[in-house]
């Protein structure tokens, strides 16, 4: 048996053990099993990674089924892209499992939580390891299920149940796009296997109409899972789940599935420049919209959530430029620093006795030194300050954007300035100044246990050095990631070599671009410093917010808009169909109408049965007369 | 004893046996039923395992002359007791055994008039199996009609407050559908002949054993040249003969050659349409579906289980076996319309499910929606679509019993099925919440469960079909989104949030062993068929390939 099969199998076993026996297994064992399963997978991934020769390999698991001439096998694709994703999922996954041991310690659903978390890792691994689109789709929907279960984990709160359903249904809309994309692929290529679709696609022309629809439908799927306009509103609400879930699912892994899918299908996208164009603009709009909402949010997790939506926008922006590696690089670095920030936020919430509003925090750096230090590093990384991880990945994307369109670049830089501002606003309000919470909370403040701080420290290190995986040549690096991932673009390169010519900017322009974005970030940081440290201002209570700020704080009323435009009309329509069409129309007039008609007719005819002999004789004679006249009509009427 | 006859008559004899037991034996009625149903499942499992997937055509066939009447100028009427299974009927037979067993377990809650109830229940089992294995249209129709009798009483006597209305509506609706089928049966009888019997009757051969393909060809030739005296023609209801156009007398009403018209419409197309309507009532298809929600709401839980699990499947089965196999030209002609009606059922059913407050009514409308996928897959006339239609019938046969059992669990405790009557049931009843979640997610088409396979391939089959416009597939796919909407909305309202109910909370006990014994195996089966769809596809594949050759 191939070792690769064990990678998803271990978390699945963990799910079975903890899921079936969560009431009987002691907590210590639950944590050990849950974390151990993912750690075991990580070890196997590492060994596969180190022994990887550079040639992609398909590991067949079993022949799934055949319908007509259409055969689907269940197999795993082991190549550069899936290996990196597996490293992220199992690596960060292990850290977050470890963290959860401490974070969820007091929760009565401890075992259930670990079971769901393991199940998520299983499906996420299927998603990235699948050797065809159908296995990917199974993972895709499977992670959606786990997301649902974990968002609604604290199901006694009705709001959380609502958020969970919203996430699932909104994802379903995207999944419908994915599904139709799959149908289009089958109709066009007769297979769903990557190994047969991609070489066949490489023979096609750039701008092929069929490919446009395929890539566009797949992108709709990506919009849902990776929270792009218009399907992004579920992600901020998804923060209802326990914080480790937000870190793992709604920041580091699941939400990047859309990017993974597009990078995986790079040959299709390279041949569909119109789709790339659409992706670029959707991504830019998402990045800016989400960043602007993030400016005024007061819930520590909501800020991070909007930041995630915005950063996902940057990743898609990279893809939209055809710079797949840059987009993917940002997936990696973002996984490091955003997981770190969420876990840090979790540590804060833990210390604050479940308080999430930053208006009631402040001055936490003394009480939570490790959390503060690591959170600071994460904040610097996301703000794009060199030489931290975020700088390299974001800068690469920005360079590609500039080459494509300086206007888009300008907007993207503006977005990254907002990023630096809201992140430092968050940092300052949380960790600096005076404590603004209750005495009880203050009394309770404590640094988290080692199971929680250890993952923070590891992720902090990665956030600092993560950028060095792909230092561009201009900065004296060798673009290792670029070279490593190169083979997965083989078919795309073959089909359209120009798309892979790289950045054509001269060095001075590139340095200028970097300088501008770094300067922008620094200006934002200074602005945040002035407002929240020097002037010590604290965001106003909800009811005092007004004007434009109110509009932004209320997330531009998009949720209300969707409710009015989609949810309410669908509900009204469903009531109309039931009470008017079904009950009123079909049943009342159709079915019961027939009944009434027959009954009425019978009632009339019944009157003829009078029982009076004279009447019967009369009717008989009349009848005979009529028949006689009819038979002799030719004689009578000539 | 031949296996198929056993499968029909074992429950029928059981029904008679129960009637002979004294009333004092009351506690054993349900156990007798349970044991017989378990035995039934064991036998049909044996049938499944012994079925040869490589063979084309019917297996385990049994044929006996039943009724032979000479009608002078109208020829000779020959009705056979003919049974057999193929890749289409085998899964349905097995499903019948399974659902009847589950229903038998669920019937333990019946506390009144047990003798009558369990006799009727066994009678129902026998007639349903008869429907699926009959190879003679007359025999099929007999079982098809006979089934109404036990159903009418099971809903009408053991049902809820509006049971009379519901059972009468169900009865009349289905009977009206049957009239259409009966009309076509008569036309078929006048049009088709049994070539083997005709060879004997005209004296071409002396003995049945001497009949070869050559002889049959001779008969066909003679018939086609009108050389046979009509009085010597042996008419038949055997589906194997009816599905071969060569057996139709030229100039007869339903001959492919004659092109007769009735009211300006081709007689064959009209016949197809009538059969289609007849079975569409049973499926049910929008707008012929309104009997279903009423029947479900009023029926006791086990009867809902059987109704959704098995009886609806006869509609789908009838499409394949009778409407499509006998009139492939009609199927092609109306393909786009059928697909459209399928999509209408999917979307309209889903919308209606969304607005329900009665748990059972919600599930009933979800059944309408799910059966729409059968129509869509069938209309496509592609291998994926046809296989998926059968798969969807099978999968829904596993999942809908689960859904109705879920509704039954809460109804038994509080006698209230209103969705807004509960909140936060997950806290007092965690296992119940968990298995409801399994049933709901499996039903809304989560990959890994059987529902996904049926819906995915129905849509894909329709997408690849030349008969179905793409917009219909997209609209049908929208049904998946709505499906997630109504199932999860219901789940959220009933199970999530703070526990609240207007009933005494002490009755909100978690699943009993008996309830788990029904829900757990069904959930696991759905999972197994979702992960290993080949188990079923390998059975249906051969049938579908033969089936599609007609088009």
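Just so you know, glycine gets a Cβ as well, placed from its N, Cα and C.
Between the stretches B:225-247, B:432-454, TrEMBL puts its transmembrane segment entry on B:432-454. Checking the ranges B:89-110, B:199-220 against TrEMBL, the transmembrane segment annotation falls on B:89-110. Per TrEMBL, the stretch carrying the note transmembrane segment among B:55-77, B:170-192 is B:170-192. For the transmembrane segment (B:363-382), same-chain residues at least 6 beyond its ends with a Cβ under 8 Å from one of its own Cβ atoms are 283-286, 289, 292-293, 296-297, 308, 312, 315-316, 319-320, 324, 331-332, 335-336, 338-339, 341-350, 352-353, 356, 388-389, 392-393, 396, 400, 403-404, 407, 443, 451, 454-455, 457-459, 461-462, 464-465, 467-468, 472-473, 476, 479, 482-483, 486-487, 548, 551.
Ranked by number of Cβ pairs under 8 Å to the transmembrane segment (B:519-539), the listed stretches B:28-51, B:262-281, B:330-351, B:432-454, B:466-489 are led by B:432-454.
Each of B:28-51, B:262-281, B:330-351, B:466-489 was scored by its Cβ pairs under 8 Å to the transmembrane segment (B:432-454), and the highest score goes to B:466-489. Within the domain 'NADH:quinone oxidoreductase/Mrp antiporter transmembrane' (B:134-191), the DSSP-based counts of helix, strand and coil residues read 50 helix, 2 strand, 6 coil.
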